Amino acid sequence: MAQNMAPIFHFIAISLSCSFLFVLSSSQDSQSLHYPLPTSSSKPSLLVLPIQQDASTGLHWANIHKRTPLMQVPVLLDLNGKHLWVTCSYHYSSSTYQAPFCHSTQCSRANSHQCFTCTDSATTRPGCHNNTCALMTSNPVTQEAGFGELAQDVLAIHSTHGSKLGPMVKVLQFLFSCAPSFLAQKGLPNNIQGALGLGHAPISLPNQLFSHFGLRRQFTMCLSRYPTSNGAILFGDIYDPNNNYIDNSVEVLLDMVYTPLGISLQGEYLMQVSAIRVNKHIVVPTKNPSMLSSNHGDSRIGGVMITTTNPYTILHHSIYEVFTQVFANNIPKQAQVEAVGPFGLCFDSKKISGGIPNVEFVMDSPDDVWRISEENLMVQAQNGVSCLGFVDGGMHTRTEIALGAHQLEENLVVFDFAKSRVEFNSNPLKSHGKTCANLFDLNNA
């Protein structure tokens, strides 16, 4: 009888063990998320990351979901950053954290060829192991840099479900840098714990998502002007007819213009702009051959870097002088007031209420123009004073123009790596009755 009962007890033991593992797994997910994760068989075609603006700095940031159990981690949006980095010195707790050994496959993928030795702590912890990979990490605002530990952990991001925000999907071994804490102590908005790199690098967020989920190599950015509402970054093909996440805004997609997308030696995103027009007057800069740009002759501006870590557009001095002079000449002289730093051209807000000059960036083709709205051009520097939101970068800028976050806000910007081009909505979103906040359904984000 005992021999006959043995298989039964064995079956019951296995069943109870499986039930326990299922309950444990479900309870861990329910502690960190309020909605179920999709099954492993689901394959998203579009991923969504909500983005917010910081009112005090004008920079943009996102809550990413990392670790086990999942936690929200606020990080700065760094369009040209090489990878995600977060500070791990304190309060980093995760059951799935790993630090790959030096010279491992993960290190090669991250272009890390130097071993990391931790001297900060007598005991090992996230960010502090020996014989791991060293990854140079920098604060994109202060330019401070230091070595972090290459690490991998779970990352989760929203998928889409029709025109709605869908459940989260996971990358189980997402590579990032566990960076020293001093990198987050200056220049960043309050409570920000790192930076999210979207640049042209092997382990940037886009490249890891493209590779892991098999997405089309394209991401779309829409930065909100308002700290109280979200913008978003979409990873995947927004033009795919099967992706109807922004079906209610198809007229915006029909208003896109494009120009070649270039990559600098440092992996930064560049776009080709042939001229700036102010009330149809073409602004032509003095050409500086030492600047990073395309060789199209003296009448072309060349490479324009797109950034999110400069709050305002920075112009090489030769361009800034001509641009501000032409702009000022199109506004009554009595409207001009003393400049408020960091800006060099400011006006009495009441005296320019009748309108300001039209400014357009002419793309690679003269028929393709990006019209910059008044809200993107002007900044309320102080009560009653409006300033042109462009900054003189001096004579030694690396690029002739570095587009800043303020000028990018409330614009749809598509980075299409498959076609090597960047796209902008030709007319401001508001001309279509849209904002970044209502272009996408970000409920439950």
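Cβ from N, Cα, C; glycine included.
The annotation signal peptide is assigned in Swiss-Prot to 1-33 on the grounds of similarity to another entry. If you look up Swiss-Prot, you'll see 60-425 marked as domain 'Peptidase A1'. Annotated disulfide bond per Swiss-Prot: Cys88-Cys178, Cys102-Cys115, Cys107-Cys133, Cys118-Cys128, Cys346-Cys387, in sequence order. Feature annotation from Swiss-Prot assigns N-linked glycosylation site to Asn130.
This view paints the features noted in Swiss-Prot onto the structure.
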{"residue": "Cys88", "record": "disulfide bond", "DSSP class": "coil"}
{"residue": "Cys102", "record": "disulfide bond", "DSSP class": "coil"}
{"residue": "Cys107", "record": "disulfide bond", "DSSP class": "helix"}
{"residue": "Cys115", "record": "disulfide bond", "DSSP class": "strand"}
{"residue": "Cys128", "record": "disulfide bond", "DSSP class": "strand"}
{"residue": "Cys133", "record": "disulfide bond", "DSSP class": "strand"}
{"residue": "Cys178", "record": "disulfide bond", "DSSP class": "strand"}
{"residue": "Cys346", "record": "disulfide bond", "DSSP class": "strand"}
{"residue": "Cys387", "record": "disulfide bond", "DSSP class": "strand"}
Counting Cβ atoms within 10 Å of each candidate's own Cβ, which of the disulfide-bonded residues Cys115, Cys133 comes out highest?
Cys133
Just to be sure I understand: of Cys118, Cys128, Asn130, Cys346, Cys387, which recorded positions have a C-alpha no more than 10 angstroms from the C-alpha of Cys178 (disulfide bond)?
Cys128
I'd like to know the mean pLDDT over the domain 'Peptidase A1' (60-425).
91
Find, among the disulfide-bonded residues listed as Cys107, Cys118, Cys178, Cys346, the one whose Cβ has the highest number of other Cβ atoms within 10 Å in the structure shown.
Cys178
Is it possible to get the count of other C-beta atoms within 10 angstroms of the C-beta of Cys88 (disulfide bond)?
26
Spatial neighbour of Cys346 (disulfide bond) that is closest, considering only the disulfide-bonded residues Cys88, Cys102, Cys107, Cys115, Cys133 and their CA atoms:
Cys88
Entry from the disulfide-bonded residues list Cys102, Cys128, Cys387 having the most other CB atoms no farther than 10 A:
Cys387
Checking the disulfide-bonded residues Cys88, Cys128, Cys387, which are within 10 Å of Cys115 (disulfide bond) at the Cα level?
none
Find the one among the recorded positions Cys88, Cys102, Cys107, Asn130, Cys133 whose C-alpha lies closest to that of Cys387 (disulfide bond).
Cys88
Determine, to the nearest whole angstrom, how far the Cα atom of Cys133 (disulfide bond) is from the Cα atom of Cys102 (disulfide bond).
5
Within 10 angstroms of the C-beta of the residue listed as 'N-linked glycosylation site', what count of other C-beta atoms is obtained when all protein chains are considered?
14
